[in-house]
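Visitor: What Swiss-Prot shows for this protein is this:
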{"type": "ACT_SITE", "residues": "His43", "note": "active site, proton acceptor"}
{"type": "ACT_SITE", "residues": "Glu70", "note": "active site, proton acceptor"}
{"type": "ACT_SITE", "residues": "His191", "note": "active site, proton donor"}
{"type": "BINDING", "residues": "Asn7, Arg18, Gly192, Gly213, His214", "note": "3-amino-2-oxopropyl phosphate binding site"}
{"type": "BINDING", "residues": "Asp9, His10, Arg45, His50, Thr100", "note": "1-deoxy-D-xylulose 5-phosphate binding site"}
{"type": "SITE", "residues": "Glu151", "note": "site 'Transition state stabilizer'"}
Amino acid sequence: MPTLGVNIDHVATIRQARQTVEPDPVAAAVLAELAGADGITVHLREDRRHIQERDVHILRQTVQTHLNLEMAPTDEMVAIALEIKPDYITLVPERREEVTTEGGLDVAGNLSQMRKVVAQLQGVGIPVSMFIDPERLQIEASAQIEAKFIELHTGSYAEAKNEATRHKELTILADGCNIAINHGLRVNAGHGLTYENVYSVACLKGMEELNIGHTIVSKAVLVGMERAVREMKLAINGKF
């Protein structure tokens with residue numbers, strides 16, 4: 001079954017709501033790892049609405065599993081990534097007015113820019129993943145620019161209002177996995193996954209890691225980070 005990358009952005013969201021020092025996302029990362037998280041994910045946004053550069057620097061020194069840095073493919077973010085050197089990077093689209101990431105990257109429509117960013121990062125040994133919708137065009141473009149991974153956007157599946165739509169979206173994700181694998185790409189997934197809907201995605205052939213944040217942090221507010229992470233690990237394995 002896939003491994004679990006715990007996204008701790010929303011621990012920082014709570015902190016930034018009061019512009020104070022707590023809760024500390026670094027402490028949350030430690031607790032998540034102790035509970036069995038296989039990796040820690042953070043999104044350093046251009047508007048710095050939650051995770052701050054200082055957080056990423058400290059996490060780079062303290063995370064014992066692997067650190068996945070989500071970021072927009074901009075010169076500013078590339079410079080930061082080259083300084084910090086996370087274990088791997090997921091390139092994501094970004095709009096300042098969005099509440100959360102609303103869709104996948106348009107890799108096919110920005111091939112030259114994406115190829116340049118991927119080459120810069122992978123040239124210093126940082127594997128790059130492209131956060132994309134499960135569309136053949138975007139998957140093939142990601143292979144064309146020689147990214148190592150893709151992360152399939154699971155939002156449409158997660159937001160499905162009925163079982164028929166959910167099944168349709170799951171089939172699209174499964175097809176995306178197969179296309180990616182046939183093009184030599186490794187496959188992760190994330191966005192909107194919960195304790196209730198994660199298992200079907202976890203069962204997709206070739207799925208390596210699921211990056212999950214909001215639902216874990218939401219549960220952690222009530223039961224603690226360690227229990228929230230342990231229960232997500234169980235959910236991924238169909239035992240929750």
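Cβ coordinates come from backbone N, Cα and C, glycine included.
Owing to the predicted nature of the structure, the values given are computational and were not obtained by experimental measurement.
Help me picture these features in the structure, burial and contacts included.
Guide: Around the Cβ of His43 (active site, proton acceptor), the number of neighbouring Cβ atoms within 10 Å comes to 25.
Other Cβ atoms within 10 Å of the Cβ of Glu70 (active site, proton acceptor) number 26 in total over all chains. Following the DSSP three-state reduction, the secondary structure of Glu70 (active site, proton acceptor) is strand.
Taken residue by residue with DSSP, His191 (active site, proton donor) is part of neither helix nor strand, so it is coil. In the structure as shown, the Cβ atom of His191 (active site, proton donor) sits within 10 Å of 25 other Cβ atoms.
Under DSSP, Gly213 (3-amino-2-oxopropyl phosphate binding site) is assigned to coil, being neither helix nor strand in the three-state scheme.
Taking a C-beta cut-off of under 8 Å and a sequence gap of six or more, His10 (1-deoxy-D-xylulose 5-phosphate binding site) has these contacts in its own chain: His50, Gly213, His214, Val217, Ser218.
Counting every protein chain shown, the number of other Cβ atoms lying within 10 Å of the Cβ of Glu151 (site 'Transition state stabilizer') is 29.
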Visitor: Which of Gly192, Gly213 (the binding-site residues) has the most other Cβ atoms within 10 Å?
Guide: Gly213
Visitor: In Å, how long is the longest CA to CA span across Asn7, Arg18, Gly192, Gly213, His214, which the record gives as the 3-amino-2-oxopropyl phosphate binders?
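Guide: Result: 26 Å between the two most distant Cα atoms.
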Visitor: Within 10 Å of Glu70 (active site, proton acceptor) (Cα-Cα), which of the recorded positions Arg18, His43, Arg45, Glu151, Gly192?
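Guide: Passing the 10 Å Cα cut: His43, Arg45.
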